[in-house]
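According to TrEMBL, the protein carries these features:
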REGION    1-26  region 'Disordered'
BINDING   Cys14, Cys28, Cys31, Cys37  [4Fe-4S] cluster binding site
BINDING   Gly67, Lys68, Gly69, Gly70, Val71, Gly72, Lys73, Ser74  ATP binding site
Amino acid sequence: MENGEIPENANEHCPGPQSESAGKSDACQGCPNQEVCATAPKGPDPDLVAIAERMATVKRKILVLSGKGGVGKSTFSAQLSFALAAKDFQVGLLDIDICGPSIPKMLGLEGQDIHQSNLGWSPVYVESNLGVMSIGFMLPNPDEAVIWRGPRKNGLIKQFLKDVYWGELDFLVVDAPPGTSDEHISIVQFLQATGIDGAIIVTTPQQVSLIDVRKEVSFCKKVGVPVLGVVENMSGLCQPLKDFKFLKMMENGEHTDLTEKVIEYMREKAPEMLDLIAASEVFDSSGGGAAKMCTEMGVPFLGKVPLDPQLCKAAEEGKSCFAEQKCLTSAPALKNIVEKLMTNYWREEMSVEQ
């Protein structure tokens, strides 16, 4: 019954929970919600006014979504934030994955606490122009499970939006949990007055992931959130050939490590091979992957990001993949996606940057 919605089990001629006659009219007799509606406060939610005031200083609000967990959505959110901050934009990263907050780890902020001032809750800062807010900063123990029902989750999301003082932001990146649950409905409703610029959806190439991404696209269309595009993550394993291990498998399942011999052989016989990038499909993409799905559903395809062990390491260490020249295959792919977003949607910011 949030935001005046008529409950599914209401009587046929329900006047609506926000009506002055809610719980009192003849149509309300016998309704299971009659007492709740009669005693519930009427009128607009005053917290939405406070949220609108906070968001008035935020230029762009971007949701990062995924249909399934484990597709690299939080890694993408973190690296997108790093990339925008590297362009000297003021960036905020809001983690609303209440039960699985991984953003503090991916930005190297584990163990940090939230501080309050007379202006509200202060984000935890990676750099002076990159602030982060997450329930992960509020847990006494990082291993502590968050076992909350929907209303309590929604209450915290609302508190993040109305109580966190971001200051002037060019971008607020919102890392949402996988699926289309309470958190997604809440963030859309709470930001309805100020508007959401769009959603970026992250998937992996195989059909089992794309099935759920189609639902995510459908959700965005139903609630009026533009889909900025879809990113195909983990699109094949790519890394320098010299970084691979070479094993000889035995019939009993054991193996012998021949890496040193193979590298030495290549160094002597074919040194040019040491500069090659080796690629291999990890997930089945014979169905056309995210690109085909985007064509079928009429949404933009932003590009592919390979499964890069160096990107995984950067995420584990809470570092930007753009800072050092180690993510040879993933960093250029992510940079191309960011540039495509800038060109297609954020031209105004591009002109300021230039």
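Even glycines carry a Cβ here, placed using N, Cα and C.
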Env. residues of ATP site, Cβ within 8 Å of mean position of Gly67, Lys68, Gly69, Gly70, Val71, Gly72, Lys73, Ser74 Cβ: Ser66, Pro178, Val202, Thr203, Thr204, Ser209, Asn233
Among Gly67, Gly69, Gly70, Gly72, the most crowded of the binding-site residues [Cβ within 10 Å]: Gly67
Long-range Cβ environment of Ser74 (ATP binding site), under 8 Å and at least 6 residues apart: Asp95, Asp97, Ser102, Ile103, Met106, Asp175
Proximal residue to Cys37 ([4Fe-4S] cluster binding site) among binding-site residues Lys68, Gly70, Val71, Gly72, Lys73 (C-alpha distance): Lys68
Count of other CB atoms lying within 10 Å of the CB belonging to Cys28 ([4Fe-4S] cluster binding site): 21
Of Lys68, Lys73 (the binding-site residues), the residue whose Cβ has the fewest other Cβ atoms within 10 Å: Lys68
Cα-to-Cα gap, Lys68 (ATP binding site) vs Cys31 ([4Fe-4S] cluster binding site), nearest whole Å: 37
